[in-house]
Structure formats: C-alpha cells, structure tokens
Amino acid sequence: MSQNTAGATPFPLGVFVGNPNYFDSNEEASFEANFSAFSTLMKSKPQFIDQYGDQRLPVSGWVGQSSWNAASMAQSPVLKGVTPVIGLPMTSTASGSGTPDQFYKDFAAGKYDSVLQGMVKAWADNGFTTQIWRPGWEMNIDTMPSYAGNDAATRADWVKAFQHISTVLHAAGQANGVDVKVAWNPSVVNYSNASNVIKTAYPGNQYVDIIAADVYGDVFPYGTPTHLYDWDKSGQVLNSSHPVYDSSVQQWATDPVNLQHYYTYPASNQWSLDGSAGHATTLQQLIDLAKSAGKPFAIAETGAGNTHDGAGLTDNPTFVKWLADTLHQSGVNVSFVNAWDSNSGGQYRFTSSADHKPLEAAAWAKYFGDPPTATSASASASTPVTTTSSHTPVLTIADPTLSVHGKGGTVDLGVKVATTDPNDVVTASITGLPQYETITDKLDGKTFNGNNVTLTAEQVDSGLTLTSNYTRGGDPASTLTLTAIAKDPVSGAVIKGAPHTITVTDPPPATAPAPTSPPKATVANSSATTGQDPGWLSQHQDSIANGGTTTTGRSTGTGGLASQRSASALLSEIRDLVANSGVANSGSGAMTVADDPREGGSPASCLASHSFALLSQSLAGQTGRVDPGQVVTAGSNSPTWVQDSFLTRPQKP
C-alpha cells in the first residue's frame with residue numbers, strides 16, 4: 001500500500017531545509033529553526049533528510065566532506081533518528097577534472113572504489129545504520145554534473161558506472177554492518193536529449209532498491225505564449241472541434257484543471273499527450289516502472305511556488321494536492337516523500353509567513369502532514385470505510401438505453417461524474433460489460449474491457465465511447481451498472497454514489513462497413529531541405545537563456561551562436577516557420593505520410609510548440625542560474641529536426 005504504516009503521516013515524511021553545521025553555531029541555529037518550523041507545520045518530525053556530496057570538490061575530497069556532513073547530522077539535536085538520503089555525484093567539476101564520460105568509465109573500472117567505501121564508512125562511523133544513496137540523481141537534465149549524455153555510447157558508460165557503484169555501495173554497507181539502499185532517481189521532465197531514461201539509462205532491477213523521482217510544480221506548457229490551448233475550456237479533449245486559447249501563461253495557469261493536466265502529461269500539446277516524441281519522462285511512468293519491477297517508490301525532491309516560469313504561481317496548493325492524489329491513487333508502495341522547503345535552487349520555501357504561501361503551506365500540512373482527523377493514515381491502509389455524506393459523488397447518464405451496431409459500431413455513453421468536495425479522488429466503476437464490447441476514453445485514448453472497469457473522473461468527463469464487436473445474429477442486450485466513488489486522500493474514507501444502469505443492444509449492421517483508407521497529406525522531404533542548419537534552434541535557446549543576448553561560454557551539440565537574436569526576432573522566425581509548415585527552405589522532393597500529421601505531433605507542430613515554449617520563458621523575464629532538477633521545456637526529436645533541451649530552475653547546491 002502507499003500509506004505510511006510507520007507513523008501518522010500519509011507517507012513517510014522527509015525534507016530539505018538546508019544543511020546542518022554543528023561546527024558553526026549560527027548556521028546550526030538557523031538550520032534547527034527551519035527544521036523545527038517544518039515539523040511544527042506538518043505536526044510530525046521528518047524521518048528523512050536530503051544531503052549531498054559536493055561535485056565541486058575533486059573526488060579525493062569526497063570522503064572528508066562525507067565525514068564532516070555525517071558528523072554535523074549526528075551532532076544536531078533535531079536530527080536524532082533521521083535517515084540521510086544522499087545525492088552521490090558520478091563526476092567532479094573541480095578544476096582540471098576530465099569529461100563526464102571519462103568519469104563514468106573510471107567508476108565502472110573500479111578507480112574510485114576506495115572513495116565509495118570510505119564515504120559509506122564515514123556515515124556508518126557516525127552512527128547511521130541506514131543510508132539511502134542516489135548516484136547520479138537527475139541524470140536526464142543536461143546541466144546536472146552526472147547527466148547521462150546525448151548519445152547512446154555515453155549513456156551506456158553511465159549505466160555501467162551506476163551498476164558498479166551500486167555493487168560497491170552494497171558491499172561497503174555489508175562490511176560496515178549498515179543497511180545501504182540505492183535509488184535510481186531521474187527527474188520528471190517534459191523534454192530531455194537523453195530521451196525517456198526509463199528506456200535509455202535504467203541500470204536493471206538487480207542494481208536498484210528504490211525507484212525515485214524529483215518533481216516540481218513549475219510549468220512550461222507547449223504552445224505559443226500568447227495562444228495557449230486551454231485544456232479545460234476546450235472540453236478536456238485533444239484537438240477540440242471548439243478550441244479555446246489563453247493569451248498568457250498566467251491566464252492558462254489560473255485554471256487548476258490545466259495545471260493538473262500539465263503535471264500528469266507535462267509534454268502535452270493540443271494534438272498529443274506526448275508532444276516530445278518520446279523524450280519526456282512523467283511521474284506516472286516512473287510509478288509504473290516501480291510497480292512492474294516490484295520496487296518501492298520515493299519522491300526524493302518536490303516543491304512548488306517558484307515563479308521564474310512566468311506563470312506567477314507563488315502560492316500553489318494545486319500541485320501539492322495533485323501529487324498526493326497521484327500517489328494515493330497509484331497504489332504504489334511509497335518509501336518517503338521529501339519536500340524541498342528551501343529557497344536554495346528557487347523560491348520553494350513555504351513554512352515562513354514571509355514566503356507568502358498560506359494556501360500551499362496548508363496543502364502540504366493537509367495532504368502530507370499528520371492528519372487532523374481522528375482517522376489515522378495507517379488505519380486507512382486496511383479496508384477503507386464506506387460512508388455517505390453531503391459530499392456523495394454524483395454520476396449522470398444522458399440516456400439509459402443505447403443501441404450500437406456490431407462489427408465495429410460505436411456510441412457515446414453520455415456519462416459524467418461530479419463531486420462537491422474538490423479534495424476527493426473520484427472514480428467511476430462500470431460492471432456488466434460483455435466480452436464483445438469495449439470502452440475507450442477521449443482523455444488518453446485508452447481502451448478498457450472486462451466485467452469490472454474503473455476509470456478516473458478525468459477519463460469519464462473526457463467522453464466515453466462504447467465499441468461493439470458483436471458478429472453473430474440476433475440483438476443481444478447487456479446491462480451496464482455505473483457507480484461514482486469518491487475517496488478522501490487523507491482519511492481514506494470512501495463514499496459511493498447511487499448506481500445507474502444503461503441497457504445496450506447490439507443489432508448487426510445492415511451491411512458490412514467498407515474499408516476506408518486513411519487521409520493522406522503531402523509534406524516536404526526533410527532530406528531535400530537546404531539553407532538553415534539545424535543549429536539554428538540551439539542558437540535561439542542560448543539567446544533566450546540570456547535574455548536575448550549572445551552566450552559565448554555555452555556549447556551545444558549543434559554548434560555555437562552565429563549571431564545575436566532578441567526575443568522579438570525569435571518570434572518573427574517562429575512565425576515564418578509556422579507559415580511555411582515547419583520547412584525552412586524546401587526543395588522539390590516530397591514524401592507521402594498517412595493520417596493527419598497532428599495526431600502524433602508533426603515535426604512542424606512539435607517544433608513550433610517547443611520554440612514557442614522557449615520564447616514564453618524569455619518573455620516571462622527569467623532570472624537566476626540555469627540548473628539541475630526541475631522541469632525542462634520540450635519538443636520533437638523527429639528525424640527532421642534536432643532540438644536541445646533548455647533548463648529552467650536555478651542552481652541548487
């Protein structure tokens with residue numbers, strides 16, 4: 001179960017509020033005050049705390065730094081019994097260090113085994129009998145020191161290094177009589193040149209004890225910054241026949257439905273739930289990996305309220321509730337959730353009145369703190385209590401009798417669900433579906449079959465289509481029973497609405513439907529293009545990252561800047577791109593592709609969407625250093641275009 005069976009909080013609670021320093025009384029006093037403020041808000045002392053190896057030091061200095069860090073934790077009176085969750089770099093950025101890939105090769109060859117052994121021993125010598133290590137955390141963000149790499153060869157070296165590090169850490173734990181756990185810990189991103197690292201950088205189940213994720217509430221939706229597809233107002237469907245657009249990220253972000261959709265599908269655009277062409281990594285994908293691998297799951301870093309994304313979400317309780325709902329609904333075994341209550345790396349702190357985040361702070365306390373109700377989270381881990389109240393969910397149906405032709409006929413079920421309590425997790429149960437019928441939702445195109453189907457409220461409200469594959473004679477009838485179910489994410493109490501029935505008959509079609517060919521579109525062959533080099537996009541990204549000025553120190557995979565470009569010049573080029581269907585300078589060659597190119601995110605639409613997302617950040621007036629660990633902007637990595645990711649969270653220590 002996902003609930004915390006060891007304490008009163010819904011999930012085992014952890015935090016980052018800075019670093020203890022028992023050797024400096026002023027720094028230690030500040031740390032203890034921040035830690036105590038978080039504990040007071042949550043009505044519970046955290047069981048875990050994030051700590052980090054310092055990649056700025058040469059590898060030879062890592063053991064000494066671990067000794068100092070472990071001693072500070074051991075001597076801090078507020079950290080008795082708290083388990084360290086330690087970020088372990090896989091490279092050093094110290095002066096004179098080699099390339100990341102060389103470090104990966106050296107780690108895999110055992111060059112630094114004594115350092116790894118010394119680090120485990122340093123923590124063990126200070127009394128830490130349980131140690132959780134995160135080698136190369138956030139390896140799918142290219143400004144991180146342990147980035148897994150743009151190419152397959154570097155990622156293969158990274159994987160070998162992780163495998164060897166995991167083996168050495170476990171052996172060192174056994175030698176020192178301590179319990180060592182190794183977490184594989186990417187970040188939730190909507191684009192990475194390392195692609196979806198579940199597919200490109202997962203080291204294998206035997207080397208991983210915990211699947212962890214870093215996830216933050218910053219938003220960088222795909223689309224034109226002054227013409228953003230409003231998911232909610234467009235009917236919560238892809239490519240709505242009646243689309244509604246918002247004129248700014250701020251307007252788009254005022255709707256919690258848009259935010260929740262973005263957090264679930266961070267690479268979504270108007271036409272696809274994954275406009276990144278497989279380069280995004282979502283929270284749900286990492287949860288699914290943990291469940292399929294039989295591993296516990298953890299949130300190693302999480303926070304909200306940072307405003308450098310241009311959305312202005314200083315006080316953001318929506319993200320906190322979405323995260324709690326997602327974890328509860330997933331049923332995954334959660335090892336810990338570590339909140340980032342610090343302004344190191346962005347304006348994420350929330351416990352102080354000076355942070356001006358009363359709603360977000362209350363949400364953290366409600367959904368991740370000690371529940372104020374008498375029903376404990378540990379009790380809800382057993383059989384949920386079914387109750388009835390004024391918050392009973394309501395399910396409505398448009399027509400209790402439907403008819404659908406067999407052999408592929410379809411009909412809209414006409415079902416909606418609603419609740420008066422926005423905090424509840426609402427689902428709909430459908431029983432009685434015969435073997436020859438299936439149900440498909442319009443949210444993500446999933447198809448369901450079987451006698452007992454459960455759908456989320458979002459899937460139900462997106463629209464449900466019933467398909468009949470009946471092929472025999474007669475007019476068979478089936479009765480579907482539909483029930484709305486609401487669950488309180490804190491207490492675990494379950495409320496069921498009144499059941500409703502729909503009778504469906506399946507008469508055979510008068511004539512068999514004739515096969516049809518998919519629509520075709522002709523697009524220019526990318527191999528025939530001339531003129532602009534693919535490096536132009538990375539030039540835009542560099543320009544945007546520096547407020548429209550040229551960067552001389554940053555290198556990319558497609559070459560340096562050729563000239564300075566302002567945000568207005570970028571907008572002009574993007575408009576030209578869209579006007580020419582995404583082709584910079586097409587030749588005469590052409591190729592034919594099936595289906596509407598928007599279905600999967602065409603090269604033109606994905607590229608324009610990605611570029612506009614970059615421009616949006618520029619126009620928002622970003623500040624701060626480019627960094628590790630948050631959400632990145634996204635785009636297509638189709639055969640036609642090569643795109644670089646651009647990171648958007650200031651540097652953390």
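Glycine too: its Cβ is placed from the backbone N, Cα and C atoms.
TrEMBL annotations: computationally assigned, not manually curated.
According to TrEMBL, the feature active site, proton donor maps to Glu138.
What TrEMBL records for Glu301 is active site, nucleophile.
The compositional bias 'Pro residues' feature in TrEMBL is assigned to 506-518.
Under the heading compositional bias 'Polar residues', TrEMBL lists 525-546.
If you look up TrEMBL, you'll see 547-564 marked as compositional bias 'Low complexity'.
Positions annotated as domain 'GH26' by TrEMBL: 1-377.
Residues or ranges marked as region 'Disordered' by TrEMBL: 499-564 (among others).
Taken from TrEMBL, the feature region 'Disordered' applies to 633-653 (among others).
Reported as a whole number, the C-alpha separation between Glu138 (active site, proton donor) and Glu301 (active site, nucleophile) equals 10 Å. Residue density at Glu301 (active site, nucleophile): 30 other Cβ atoms are found within 10 A of its Cβ, drawing on all protein chains shown. Under the three-state DSSP scheme, Glu301 (active site, nucleophile) falls in the strand class. A coil conformation is recorded for Glu138 (active site, proton donor) in the three-state DSSP classification, outside any helix or strand. Averaged across the domain 'GH26' (1-377), pLDDT in this predicted model comes to 95.
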